Structures are given as structure tokens and as C-alpha cells.
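Have a look at the structure below before the remarks.
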Amino acid sequence: MESVEPPVKDGILYQQHVKFGKKCWRKVWALLYAGGPSGVARLESWDVRDGGLGPAGDRSTGPSRRGERRVIRLADCVSVLPADGESCPRDTGAFLITTTERSHLLAAQHRQSWVDPICQLAFPGTGECSSGSGQAESPKRGFVPMEENSIYSSWQEVTEFPVIVQRTEATSRCQLKGPYLLVLGQDDIQLRETSKPQACFSWPYRFLRKYGSDKGVFSFEAGRRCDSGEGLFAFSSPRAPDICGVVAAAIARQRERLPELAMSPPCPLPRALSLPSLEPPGELREVAPGFELPTPRKLPLTDPGPQSLPLLLSPTQEGPASGLYASVCKQTSKHTGTAEHLYENVCMLEASPGLTNGGPEAQEGPPGGRSPLGSPIYHNTEDLSWPGSAQDSNLEAQYRRLLELELDEAGSAGRSGAQAGIKAKLVTLLTRERKKGPAPCDRP
């Protein structure tokens, strides 16, 4: 049934809506009604179809020509602000009506002719429209000389703001609806009822994930550790930017009080009481039977020169003797300190009292198993078996070839006959040692 009360204002408006994820403007016929015995103050609108609705005095068209009816209760309005930054149809100006439920973006050819009556009906007794509409007409009233207020209190000292809760998933879960008082403390945000001083909910600043304000709505995202649980909370207020500024200042002050949160120095590592020793003292360890701890071999220091040294046996030998290498050095006429070594795996011999040169007293040398430059003996820790006849022929052929090359080199360089005699004795010695064969031993 059509309303019989006359509207305060009617005409064509454009309302923004989202269709398939795209913002578009819809042309509507709007009627602005004042509150009275027959109804509340409201703004009604219909979609314009088939030529649209005529003026208020000529509304004889039937209901078939009207689209969906939309009603905005002016008693639920929080703010009515111009929206200059929004793109709107040609030759129109946009304005935003924010209510407790949602926001409505409208556009009209004469924006101020709609904003003024809406503000007078939505905010009765104020004598002027909400912030923005009065500022739009202030230049037309002329310049008024003003003086600075020396006792002006900045907005940072204001900590209480009247707000209206916007409907979100988090506010619905917490059963928040209607007007409240938002109190901004030094450490948290508190929401109180207008008639009770007790706080309904509190959100510490350190538990807020995000916060901000847009189009007269202050919102923040609470974390899991808040009393209300995580979620988005939105509050409508004409001073939403001021609320956001107070929150930002409080967070900055809290960060200054806790400098370790902004920049925490790295924790130093514990300082060592003493440097590690290069040669740690001996330790007593329990080992399994048959296991030998690796120990550095002490090698003797001898003069370089052509010589054949006795075999080096382990002083703690329990099984077969380890295979050793006898080294033969060749002394050159120019470089007396450089030795070229030839190696032969001689045999495995048992301990003999005749080996006095290789005793433990004569085997003191640098630790680590490395032989010095003048030492012609290299110890082999592995247990090597005596080579077979095929290996003997290969070794003999290799050594003979090496000796022939050495003799040729010595002859070309004009070496003395004494050195050639030493080479011949060396061949005889190696042949005799090979014919002796390995000492008999019993292997498991």
C-alpha cells in the first residue's frame, strides 16, 4: 500500500551496487520522508523501469512499473558525508550514507540539495548537517576572522569516542550491536556500554594484527589471544580518522617503552675459559678386546744418502708383523737435501734382538704419522701378505727398469764409478731379500 504522507523531497538518484564483481550505478527514484505519527524518518527508493516514476504529484503508475523497494532508516544513520573521490555518473556528485548495518553510496545532480535535508532528519537538534556538509558551504558564508586558541587540547588526549558497532562475523559471535563507547587506553582498546563503566571487551595493542579507518568506519583485526577471539571488528563514527590516529600514537609510545621489541641485540655466545690444546693429554678409555687405538708413529731422523735401513716393527706386535717399506735415497751432486725414494714391500719379520737401529729409543720423531724430509722410512699400518711369484716378476721387472734408467742418467751426467757400484750392490741386496721369502706364520 502506497504511503499517503507527502515526502520532504523526491527525485532521481543513482545508487552504486556490485554486479558480478564490478561496481556499477543503478538509476532509482528516491523519496525522503520525515518522521511523524504514521512513520519514521526514512529514505525510500525504487528502480526506474519503463520510463520511470514521475514527480511526487504525478505518481499514478501502477506497482508493475516499480522495482524492488529499499528503505534506509535515518535513525540508524551514523554519518552523511560527501564522497568526492568516488567516480560517479556525469554531472553528478556522490555522497555516502553510513548506517549501523551498512554503507550506501548515492549520487545526485544537486548533491547538497539532498545532503542538507537528510542531515536535518537524521541528526535533529544539531542545527547543521554532519561533518563535511557544513564544510562544503562554509566558503559561501564568507570569511570570518578567527584567533588561535592557546589552550587548545589536541585530539591525542581524547580517549573516549561514541561508536556504533558494525555487523561482522566477529561482532555477531560476540553479540555486539548498537551504540557503545570506545575507550582507548595506553595498553589496550576497551569497549564499554554507554550506561555502564565496566568494559565489555578489551583488545591489547600487542594482540592486534591490523587496524585502520575508511569512510567513517574504524576497524581492526584481533588475534587469537584476545578475549573476544580472532576476527574483524568495525565501528562507525564520524571521528574514525581520529580514533585511528590515537591508536597509532599509543602503539608508537608502547614501542618506545619496549625498545627490545623494535631492535633486540643478538645474544652473545658463551666465552671459552681457555683455548683448546693442540696436543690434548692422554685419556683412559675402555676398548673392546682386539681393538687397537690409533697412535702416532715415531720415525727416526737419519742423514740423507744411499742406504738400506732395517725393518721397523711395532713394539706392541701380537700377530704377524706389519709390512714395511724400505726407502732408498739417491743423493744428487747439486741438491744434497732432496731425496728421491724407491719403495719395496720387503716382508713380514718377527721381532729380533739384532734390530738395534729400529728400537723405540731411535724412533722418536714428530707426531701425526708424517715423516720429515730427511726420514727415508714410511710406516704402513696395514697387514700386508707376502707377494706371490707373479708379483715378484712384476716387481723385479719394474725395479730393474728403474735402475737401468738411473744408471743411464748417471752415465750421461758423468757420475763417478762409486755410485754405479752402489747401484749394483743394491740390486744384489734386493734379489737376496726376495729369495729369502716370508717368515712362517699362522693366520686365523
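Glycine is no exception: its Cβ is also placed from the backbone N, Cα and C atoms.
When Ser45, Ser274, Ser327 are looked up in Swiss-Prot, the one carrying the note phosphoserine is Ser274; the rest have no such note there, which does not rule it out for them. Looking up Tyr180, Tyr325, Tyr399 in Swiss-Prot, the residue bearing an annotation of phosphotyrosine is Tyr325. Feature annotation from Swiss-Prot across Ser314, Ser375 places phosphoserine at Ser314. Per Swiss-Prot, the residue from the list Ser237, Ser371 bearing the note phosphoserine is Ser371. In Swiss-Prot, the entry for phosphoserine among Ser308, Ser393, Ser416 corresponds to Ser308.
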